[in-house]
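Sequence annotations record features per position, and here Swiss-Prot assigns domain 'LisH' to 9-41 based on sequence analysis. The coiled coil annotation in Swiss-Prot covers 61-88 and rests on sequence analysis. According to Swiss-Prot, the feature repeat 'WD 1' maps to 114-153. The annotation repeat 'WD 2' is assigned in Swiss-Prot to 156-197. Per Swiss-Prot, the feature repeat 'WD 3' maps to 201-240. Here Swiss-Prot flags 243-282 as repeat 'WD 4'. What Swiss-Prot lists as repeat 'WD 5' is 288-348. For 350-389, the entry in Swiss-Prot reads repeat 'WD 6'. Under the heading repeat 'WD 7', Swiss-Prot lists 394-437. The repeat 'WD 8' annotation in Swiss-Prot covers 439-456.
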(Lines of atoms letter the chains of each structure in order from A; the text may use other names.)
(Lines give C-alpha, C1' and ligand atoms only; values in the text may rest on other atoms or scores of the structure.)
Protein backbone atom coordinates (compact mmCIF):
# COMPACT_ATOMS: atom_id res chain seq x y z
CA UNK A 1 0.00 0.00 0.00
CA UNK A 2 1.34 3.40 -0.95
CA UNK A 3 2.23 5.59 2.01
CA UNK A 4 0.73 9.05 2.33
CA UNK A 5 3.02 10.12 5.18
CA UNK A 6 6.72 10.83 5.12
CA UNK A 7 9.00 8.83 7.44
CA UNK A 8 9.15 11.74 9.87
CA UNK A 9 5.34 12.16 9.86
CA UNK A 10 4.87 8.42 10.38
CA UNK A 11 7.31 8.44 13.31
CA UNK A 12 5.45 11.37 14.90
CA UNK A 13 2.13 9.56 14.49
CA UNK A 14 3.44 6.33 16.04
CA UNK A 15 4.84 8.13 19.07
CA UNK A 16 1.57 10.06 19.48
CA UNK A 17 -0.42 6.80 19.48
CA UNK A 18 1.90 5.17 22.03
CA UNK A 19 1.73 8.25 24.26
CA UNK A 20 -2.08 8.35 23.96
CA UNK A 21 -2.38 4.66 24.90
CA UNK A 22 -0.04 5.09 27.87
CA UNK A 23 -1.94 8.14 29.14
CA UNK A 24 -5.25 6.26 28.92
CA UNK A 25 -4.17 3.23 31.06
CA UNK A 26 -3.49 0.88 28.15
CA UNK A 27 0.14 -0.02 28.96
CA UNK A 28 0.06 -3.51 27.40
CA UNK A 29 -1.20 -2.20 24.06
CA UNK A 30 1.34 0.60 24.17
CA UNK A 31 4.14 -1.86 24.95
CA UNK A 32 3.08 -4.17 22.10
CA UNK A 33 3.10 -1.27 19.62
CA UNK A 34 6.45 -0.09 20.97
CA UNK A 35 7.86 -3.58 20.40
CA UNK A 36 6.41 -3.79 16.89
CA UNK A 37 8.06 -0.45 16.04
CA UNK A 38 11.35 -1.34 17.76
CA UNK A 39 11.18 1.72 20.03
CA UNK A 40 13.36 1.20 23.12
CA UNK A 41 13.08 3.09 26.41
CA UNK A 42 16.08 5.12 25.36
CA UNK A 43 14.42 6.09 22.06
CA UNK A 44 11.11 6.99 23.67
CA UNK A 45 11.46 7.64 27.41
CA UNK A 46 8.93 8.99 29.89
CA UNK A 47 9.79 12.62 29.10
CA UNK A 48 9.10 12.06 25.40
CA UNK A 49 5.87 10.25 26.20
CA UNK A 50 4.74 13.26 28.23
CA UNK A 51 5.46 15.53 25.24
CA UNK A 52 3.33 13.45 22.86
CA UNK A 53 0.48 12.28 25.10
CA UNK A 54 -1.97 15.10 24.12
CA UNK A 55 -0.79 15.61 20.56
CA UNK A 56 -3.15 13.05 19.00
CA UNK A 57 -6.21 14.54 20.73
CA UNK A 58 -5.24 18.07 19.64
CA UNK A 59 -4.85 17.01 16.03
CA UNK A 60 -8.14 15.13 16.14
CA UNK A 61 -10.10 18.08 17.51
CA UNK A 62 -8.37 20.38 15.00
CA UNK A 63 -9.58 18.14 12.17
CA UNK A 64 -13.15 18.30 13.51
CA UNK A 65 -12.99 22.11 13.70
CA UNK A 66 -11.52 22.33 10.19
CA UNK A 67 -14.20 20.00 8.85
CA UNK A 68 -16.90 22.21 10.37
CA UNK A 69 -15.29 25.29 8.81
CA UNK A 70 -15.16 23.54 5.45
CA UNK A 71 -18.85 22.70 5.67
CA UNK A 72 -19.71 26.29 6.64
CA UNK A 73 -17.61 27.67 3.77
CA UNK A 74 -19.20 25.28 1.28
CA UNK A 75 -22.66 26.39 2.40
CA UNK A 76 -21.64 30.05 2.12
CA UNK A 77 -20.13 29.44 -1.29
CA UNK A 78 -23.36 27.84 -2.50
CA UNK A 79 -25.37 30.82 -1.22
CA UNK A 80 -23.04 33.30 -2.92
CA UNK A 81 -23.17 31.35 -6.17
CA UNK A 82 -26.96 31.43 -6.07
CA UNK A 83 -26.89 35.17 -5.42
CA UNK A 84 -24.42 35.67 -8.25
CA UNK A 85 -26.61 33.69 -10.64
CA UNK A 86 -29.54 35.93 -9.77
CA UNK A 87 -27.46 39.06 -10.38
CA UNK A 88 -25.90 37.90 -13.64
CA UNK A 89 -27.52 39.59 -16.66
CA UNK A 90 -29.96 37.27 -18.35
CA UNK A 91 -28.28 38.05 -21.64
CA UNK A 92 -25.13 36.32 -20.32
CA UNK A 93 -26.96 33.27 -19.01
CA UNK A 94 -28.85 32.55 -22.21
CA UNK A 95 -27.33 31.28 -25.44
CA UNK A 96 -25.94 34.15 -27.46
CA UNK A 97 -28.31 35.44 -30.12
CA UNK A 98 -27.37 37.35 -33.21
CA UNK A 99 -27.73 40.98 -32.05
CA UNK A 100 -28.05 42.24 -35.62
CA UNK A 101 -31.45 40.55 -36.00
CA UNK A 102 -32.71 40.79 -32.41
CA UNK A 103 -36.13 42.37 -31.90
CA UNK A 104 -38.00 42.82 -28.61
CA UNK A 105 -40.52 40.21 -27.51
CA UNK A 106 -43.40 40.25 -25.06
CA UNK A 107 -43.49 40.13 -22.07
CA UNK A 108 -40.84 42.64 -20.98
CA UNK A 109 -38.10 41.60 -18.59
CA UNK A 110 -39.17 44.27 -16.10
CA UNK A 111 -42.12 46.57 -15.63
CA UNK A 112 -40.86 49.37 -13.37
CA UNK A 113 -43.14 51.64 -11.38
CA UNK A 114 -42.41 54.66 -9.19
CA UNK A 115 -43.42 57.77 -11.16
CA UNK A 116 -46.68 59.40 -10.12
CA UNK A 117 -47.58 60.72 -13.56
CA UNK A 118 -46.95 60.20 -17.28
CA UNK A 119 -43.42 59.18 -18.29
CA UNK A 120 -42.36 61.47 -21.15
CA UNK A 121 -38.78 60.45 -21.86
CA UNK A 122 -36.06 57.87 -21.23
CA UNK A 123 -32.32 57.65 -21.86
CA UNK A 124 -29.71 54.92 -21.33
CA UNK A 125 -26.30 55.56 -19.79
CA UNK A 126 -23.70 55.05 -22.56
CA UNK A 127 -21.67 52.50 -20.57
CA UNK A 128 -23.39 51.34 -17.40
CA UNK A 129 -26.76 49.72 -16.71
CA UNK A 130 -28.33 53.01 -15.65
CA UNK A 131 -31.50 54.38 -17.20
CA UNK A 132 -33.00 57.84 -16.67
CA UNK A 133 -36.70 58.64 -17.02
CA UNK A 134 -38.49 61.99 -16.88
CA UNK A 135 -42.10 62.56 -15.96
CA UNK A 136 -44.99 64.96 -15.62
CA UNK A 137 -44.47 64.53 -11.85
CA UNK A 138 -41.51 66.99 -12.18
CA UNK A 139 -38.92 64.31 -11.32
CA UNK A 140 -36.18 62.32 -13.01
CA UNK A 141 -35.65 58.78 -11.81
CA UNK A 142 -32.46 56.76 -12.21
CA UNK A 143 -32.92 53.00 -12.54
CA UNK A 144 -30.67 49.96 -12.83
CA UNK A 145 -32.24 48.19 -15.81
CA UNK A 146 -30.17 45.02 -15.26
CA UNK A 147 -31.58 44.54 -11.76
CA UNK A 148 -34.93 46.24 -12.30
CA UNK A 149 -34.38 48.55 -9.33
CA UNK A 150 -34.86 52.24 -8.66
CA UNK A 151 -31.56 53.88 -7.66
CA UNK A 152 -32.53 57.49 -6.96
CA UNK A 153 -34.94 60.32 -7.70
CA UNK A 154 -33.70 63.70 -8.94
CA UNK A 155 -35.64 66.82 -8.06
CA UNK A 156 -34.96 70.27 -9.43
CA UNK A 157 -37.40 71.02 -12.20
CA UNK A 158 -40.58 72.85 -11.24
CA UNK A 159 -42.70 71.62 -14.14
CA UNK A 160 -42.96 68.46 -16.25
CA UNK A 161 -39.68 66.91 -17.42
CA UNK A 162 -40.03 66.53 -21.20
CA UNK A 163 -36.70 65.01 -22.27
CA UNK A 164 -33.46 63.52 -20.95
CA UNK A 165 -30.20 62.54 -22.63
CA UNK A 166 -26.81 61.16 -21.62
CA UNK A 167 -23.65 62.41 -23.28
CA UNK A 168 -19.91 62.58 -22.74
CA UNK A 169 -18.63 66.09 -23.46
CA UNK A 170 -14.84 66.19 -22.95
CA UNK A 171 -14.99 62.51 -21.97
CA UNK A 172 -17.09 63.14 -18.84
CA UNK A 173 -20.52 61.50 -18.83
CA UNK A 174 -23.34 63.92 -18.01
CA UNK A 175 -27.13 63.77 -17.93
CA UNK A 176 -29.12 66.60 -19.49
CA UNK A 177 -32.81 67.28 -18.90
CA UNK A 178 -35.32 69.84 -20.12
CA UNK A 179 -38.69 70.90 -18.87
CA UNK A 180 -41.84 72.94 -19.23
CA UNK A 181 -40.21 75.26 -16.66
CA UNK A 182 -38.19 76.70 -19.62
CA UNK A 183 -34.86 75.33 -18.36
CA UNK A 184 -32.22 72.81 -19.35
CA UNK A 185 -30.33 71.19 -16.47
CA UNK A 186 -27.05 69.28 -16.38
CA UNK A 187 -26.47 66.52 -13.81
CA UNK A 188 -23.17 64.81 -12.94
CA UNK A 189 -23.50 61.03 -12.32
CA UNK A 190 -19.99 60.95 -10.81
CA UNK A 191 -21.19 63.28 -8.03
CA UNK A 192 -24.40 61.46 -7.22
CA UNK A 193 -26.24 63.25 -10.02
CA UNK A 194 -25.59 66.68 -8.58
CA UNK A 195 -27.21 69.48 -10.60
CA UNK A 196 -24.07 71.23 -11.83
CA UNK A 197 -25.59 73.74 -14.24
CA UNK A 198 -28.92 75.24 -15.32
CA UNK A 199 -29.23 76.70 -18.82
CA UNK A 200 -31.78 79.46 -19.31
CA UNK A 201 -32.77 81.25 -22.50
CA UNK A 202 -35.80 79.61 -24.06
CA UNK A 203 -39.07 81.54 -23.89
CA UNK A 204 -41.36 78.52 -23.70
CA UNK A 205 -41.36 74.81 -22.82
CA UNK A 206 -38.17 72.99 -23.80
CA UNK A 207 -39.33 69.79 -25.48
CA UNK A 208 -36.09 68.06 -26.50
CA UNK A 209 -32.44 68.03 -25.49
CA UNK A 210 -29.49 66.18 -27.05
CA UNK A 211 -25.73 66.18 -26.55
CA UNK A 212 -23.89 66.76 -29.83
CA UNK A 213 -21.28 63.99 -30.29
CA UNK A 214 -17.61 64.81 -30.76
CA UNK A 215 -18.17 68.36 -29.53
CA UNK A 216 -18.62 70.12 -26.21
CA UNK A 217 -22.12 71.19 -27.23
CA UNK A 218 -25.75 70.55 -26.42
CA UNK A 219 -28.83 71.13 -28.60
CA UNK A 220 -32.31 71.94 -27.33
CA UNK A 221 -35.67 72.39 -29.07
CA UNK A 222 -38.54 74.45 -27.76
CA UNK A 223 -42.11 75.56 -28.14
CA UNK A 224 -40.67 79.04 -28.76
CA UNK A 225 -39.89 77.74 -32.32
CA UNK A 226 -36.11 77.85 -31.78
CA UNK A 227 -33.35 75.28 -31.69
CA UNK A 228 -30.54 76.43 -29.40
CA UNK A 229 -26.94 75.23 -29.22
CA UNK A 230 -25.22 75.53 -25.85
CA UNK A 231 -21.61 75.33 -24.69
CA UNK A 232 -21.70 72.68 -21.97
CA UNK A 233 -18.67 74.08 -20.14
CA UNK A 234 -19.79 77.70 -19.88
CA UNK A 235 -23.54 77.23 -20.06
CA UNK A 236 -23.79 79.96 -22.69
CA UNK A 237 -26.05 79.73 -25.73
CA UNK A 238 -23.65 79.94 -28.67
CA UNK A 239 -26.31 79.89 -31.38
CA UNK A 240 -30.08 80.17 -31.76
CA UNK A 241 -31.31 78.48 -34.94
CA UNK A 242 -34.56 79.81 -36.38
CA UNK A 243 -36.56 78.44 -39.27
CA UNK A 244 -39.47 76.46 -37.91
CA UNK A 245 -42.78 78.31 -37.76
CA UNK A 246 -44.22 76.25 -34.93
CA UNK A 247 -43.31 74.31 -31.81
CA UNK A 248 -40.07 72.35 -32.38
CA UNK A 249 -40.81 69.02 -30.73
CA UNK A 250 -37.70 66.97 -31.39
CA UNK A 251 -34.06 67.30 -32.42
CA UNK A 252 -31.47 64.68 -33.32
CA UNK A 253 -27.71 65.19 -33.93
CA UNK A 254 -25.61 63.15 -36.34
CA UNK A 255 -23.01 60.86 -34.80
CA UNK A 256 -20.16 63.06 -36.07
CA UNK A 257 -21.70 66.23 -34.63
CA UNK A 258 -21.92 68.07 -37.95
CA UNK A 259 -25.68 67.91 -38.52
CA UNK A 260 -28.91 68.47 -36.60
CA UNK A 261 -32.30 67.10 -37.63
CA UNK A 262 -35.38 68.82 -36.17
CA UNK A 263 -39.15 68.48 -36.50
CA UNK A 264 -42.25 70.10 -35.13
CA UNK A 265 -45.76 71.47 -35.33
CA UNK A 266 -45.22 73.21 -38.67
CA UNK A 267 -45.40 69.69 -40.16
CA UNK A 268 -41.85 69.96 -41.49
CA UNK A 269 -38.53 68.36 -40.66
CA UNK A 270 -35.33 70.28 -41.26
CA UNK A 271 -31.73 69.19 -41.67
CA UNK A 272 -29.17 71.71 -40.44
CA UNK A 273 -25.46 71.79 -41.21
CA UNK A 274 -23.84 72.96 -37.97
CA UNK A 275 -20.24 72.19 -38.90
CA UNK A 276 -19.68 75.95 -38.68
CA UNK A 277 -21.61 77.00 -35.56
CA UNK A 278 -21.72 80.76 -36.32
CA UNK A 279 -23.42 80.06 -39.66
CA UNK A 280 -25.71 77.01 -39.47
CA UNK A 281 -27.31 76.18 -42.80
CA UNK A 282 -30.76 74.70 -43.44
CA UNK A 283 -29.68 72.05 -45.95
CA UNK A 284 -33.15 70.72 -46.72
CA UNK A 285 -36.74 71.02 -45.53
CA UNK A 286 -38.95 67.94 -45.68
CA UNK A 287 -42.70 68.35 -46.02
CA UNK A 288 -45.33 65.68 -46.52
CA UNK A 289 -46.93 64.88 -43.18
CA UNK A 290 -50.52 65.96 -42.62
CA UNK A 291 -50.21 66.66 -38.89
CA UNK A 292 -47.64 67.67 -36.26
CA UNK A 293 -44.36 65.72 -36.36
CA UNK A 294 -43.79 64.28 -32.89
CA UNK A 295 -40.39 62.63 -33.35
CA UNK A 296 -37.43 62.33 -35.68
CA UNK A 297 -34.29 60.21 -36.02
CA UNK A 298 -31.21 60.09 -38.23
CA UNK A 299 -30.47 56.68 -39.71
CA UNK A 300 -27.18 55.08 -38.62
CA UNK A 301 -24.64 54.34 -41.37
CA UNK A 302 -25.55 50.65 -41.03
CA UNK A 303 -28.94 51.44 -42.61
CA UNK A 304 -27.37 52.72 -45.82
CA UNK A 305 -27.20 49.30 -47.47
CA UNK A 306 -30.97 48.91 -47.07
CA UNK A 307 -32.03 52.46 -47.93
CA UNK A 308 -29.60 53.32 -50.73
CA UNK A 309 -31.26 50.97 -53.27
CA UNK A 310 -34.66 52.51 -52.49
CA UNK A 311 -33.16 55.95 -53.12
CA UNK A 312 -31.72 54.72 -56.41
CA UNK A 313 -28.14 55.13 -55.23
CA UNK A 314 -25.26 52.90 -56.24
CA UNK A 315 -21.76 52.77 -54.85
CA UNK A 316 -19.95 51.81 -51.64
CA UNK A 317 -21.93 50.42 -48.75
CA UNK A 318 -21.37 53.39 -46.47
CA UNK A 319 -22.64 56.97 -46.54
CA UNK A 320 -20.62 59.96 -47.63
CA UNK A 321 -22.03 62.01 -44.75
CA UNK A 322 -23.52 61.24 -41.36
CA UNK A 323 -26.97 62.43 -42.46
CA UNK A 324 -27.86 60.50 -45.60
CA UNK A 325 -31.21 59.13 -44.42
CA UNK A 326 -33.69 60.02 -41.69
CA UNK A 327 -37.18 59.22 -40.40
CA UNK A 328 -40.07 61.15 -38.88
CA UNK A 329 -43.12 60.07 -36.88
CA UNK A 330 -46.32 62.09 -36.89
CA UNK A 331 -49.74 62.57 -35.42
CA UNK A 332 -51.06 61.61 -38.86
CA UNK A 333 -50.30 58.02 -37.69
CA UNK A 334 -47.53 57.50 -40.25
CA UNK A 335 -43.75 57.23 -40.30
CA UNK A 336 -41.85 58.63 -43.25
CA UNK A 337 -38.31 57.74 -44.30
CA UNK A 338 -36.41 60.43 -46.21
CA UNK A 339 -33.11 60.89 -47.99
CA UNK A 340 -30.80 63.89 -47.76
CA UNK A 341 -32.38 65.39 -50.89
CA UNK A 342 -35.71 65.67 -49.08
CA UNK A 343 -37.31 62.83 -51.03
CA UNK A 344 -39.76 60.63 -49.15
CA UNK A 345 -38.58 57.06 -49.75
CA UNK A 346 -41.18 55.21 -47.69
CA UNK A 347 -44.38 55.90 -45.81
CA UNK A 348 -44.94 53.29 -43.10
CA UNK A 349 -48.63 52.76 -42.38
CA UNK A 350 -49.94 50.59 -39.57
CA UNK A 351 -50.33 52.58 -36.36
CA UNK A 352 -53.87 53.54 -35.37
CA UNK A 353 -52.94 56.66 -33.43
CA UNK A 354 -50.21 59.28 -33.01
CA UNK A 355 -46.65 58.02 -33.52
CA UNK A 356 -44.75 59.16 -30.43
CA UNK A 357 -41.28 57.64 -30.72
CA UNK A 358 -39.00 56.06 -33.33
CA UNK A 359 -35.55 54.50 -33.21
CA UNK A 360 -33.38 52.74 -35.78
CA UNK A 361 -32.01 49.29 -34.94
CA UNK A 362 -28.23 49.69 -34.42
CA UNK A 363 -27.62 47.08 -37.13
CA UNK A 364 -29.60 49.24 -39.54
CA UNK A 365 -32.13 46.76 -40.89
CA UNK A 366 -35.12 47.71 -38.76
CA UNK A 367 -36.97 50.78 -37.56
CA UNK A 368 -38.92 50.55 -34.30
CA UNK A 369 -41.82 52.79 -33.30
CA UNK A 370 -44.30 53.34 -30.47
CA UNK A 371 -47.68 54.99 -30.57
CA UNK A 372 -50.72 56.13 -28.68
CA UNK A 373 -52.33 52.92 -30.00
CA UNK A 374 -50.35 51.16 -27.20
CA UNK A 375 -48.25 49.10 -29.62
CA UNK A 376 -44.57 48.73 -30.40
CA UNK A 377 -43.96 47.99 -34.08
CA UNK A 378 -40.87 46.76 -35.95
CA UNK A 379 -40.46 47.70 -39.62
CA UNK A 380 -38.06 45.88 -41.97
CA UNK A 381 -36.23 48.39 -44.16
CA UNK A 382 -34.93 45.59 -46.39
CA UNK A 383 -38.56 44.81 -47.30
CA UNK A 384 -39.54 48.38 -48.18
CA UNK A 385 -40.65 49.11 -44.64
CA UNK A 386 -42.89 46.10 -44.09
CA UNK A 387 -44.17 45.73 -40.51
CA UNK A 388 -42.69 42.40 -39.43
CA UNK A 389 -43.53 42.47 -35.74
CA UNK A 390 -46.13 44.09 -33.51
CA UNK A 391 -46.17 43.97 -29.72
CA UNK A 392 -49.77 44.68 -28.88
CA UNK A 393 -50.58 46.20 -25.52
CA UNK A 394 -46.94 47.03 -24.86
CA UNK A 395 -48.47 49.31 -22.22
CA UNK A 396 -51.91 49.75 -20.71
CA UNK A 397 -52.21 53.29 -22.10
CA UNK A 398 -50.52 55.57 -24.67
CA UNK A 399 -46.84 54.74 -25.26
CA UNK A 400 -44.96 58.05 -25.15
CA UNK A 401 -41.28 57.24 -25.64
CA UNK A 402 -38.80 54.65 -26.84
CA UNK A 403 -35.04 54.25 -26.46
CA UNK A 404 -32.41 51.66 -27.45
CA UNK A 405 -29.40 51.13 -25.19
CA UNK A 406 -26.34 52.46 -27.04
CA UNK A 407 -23.40 50.22 -27.79
CA UNK A 408 -19.91 51.19 -26.68
CA UNK A 409 -18.32 52.71 -29.78
CA UNK A 410 -14.66 52.85 -30.69
CA UNK A 411 -13.09 55.95 -32.22
CA UNK A 412 -14.83 56.90 -35.44
CA UNK A 413 -13.19 58.93 -38.21
CA UNK A 414 -15.30 62.01 -38.73
CA UNK A 415 -15.47 64.76 -41.27
CA UNK A 416 -13.48 67.72 -39.93
CA UNK A 417 -15.80 70.53 -38.89
CA UNK A 418 -13.78 73.02 -40.93
CA UNK A 419 -14.10 71.09 -44.20
CA UNK A 420 -14.78 73.60 -46.95
CA UNK A 421 -17.53 73.14 -49.51
CA UNK A 422 -16.27 71.55 -52.69
CA UNK A 423 -13.28 70.03 -50.92
CA UNK A 424 -12.16 66.58 -52.07
CA UNK A 425 -14.76 63.88 -51.52
CA UNK A 426 -11.97 61.60 -50.31
CA UNK A 427 -12.33 63.13 -46.86
CA UNK A 428 -16.05 62.41 -46.77
CA UNK A 429 -15.61 58.86 -47.97
CA UNK A 430 -13.57 58.07 -44.86
CA UNK A 431 -16.76 58.30 -42.84
CA UNK A 432 -17.95 54.83 -41.95
CA UNK A 433 -20.21 53.21 -39.43
CA UNK A 434 -19.02 53.26 -35.81
CA UNK A 435 -17.70 49.91 -34.58
CA UNK A 436 -20.03 49.08 -31.69
CA UNK A 437 -21.12 46.09 -29.68
CA UNK A 438 -24.91 46.06 -29.88
CA UNK A 439 -26.74 45.88 -26.55
CA UNK A 440 -30.07 44.12 -27.09
CA UNK A 441 -32.06 46.25 -24.67
CA UNK A 442 -34.83 48.77 -25.28
CA UNK A 443 -37.08 50.70 -22.91
CA UNK A 444 -40.50 52.28 -23.35
CA UNK A 445 -42.44 54.76 -21.22
CA UNK A 446 -46.13 55.47 -21.04
CA UNK A 447 -49.07 57.43 -19.71
CA UNK A 448 -49.64 54.36 -17.49
CA UNK A 449 -46.58 55.53 -15.47
CA UNK A 450 -44.71 52.31 -16.19
CA UNK A 451 -41.25 51.79 -17.63
CA UNK A 452 -40.97 48.57 -19.65
CA UNK A 453 -37.58 46.93 -20.20
CA UNK A 454 -37.33 44.56 -23.17
CA UNK A 455 -34.05 42.64 -23.26
CA UNK A 456 -32.54 39.55 -24.84
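Including glycine, each Cβ sits where the backbone N, Cα and C put it.
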Using DSSP, what is the helix/strand/coil residue split across the repeat 'WD 6' (350-389)? 3 helix, 21 strand, 16 coil
Provide the three-state DSSP residue tally for the repeat 'WD 3' (201-240): helix first, then strand, then coil. 0 helix, 23 strand, 17 coil
Is it true that the repeat 'WD 1' (114-153) and the repeat 'WD 8' (439-456) have 3 or more CB pairs under 8 Å, sequence gap of 6 or more? yes
DSSP helix/strand/coil residue counts for the repeat 'WD 4' (243-282): 0 helix, 20 strand, 20 coil
Counting by DSSP, what is the helix, strand and coil composition of the repeat 'WD 2' (156-197)? 6 helix, 23 strand, 13 coil
Summarise the repeat 'WD 1' (114-153) as counts of helix, strand and coil residues per DSSP. 0 helix, 23 strand, 17 coil
Could you give the number of helix, strand and coil residues in the repeat 'WD 5' (288-348) as assigned by DSSP? 7 helix, 23 strand, 31 coil
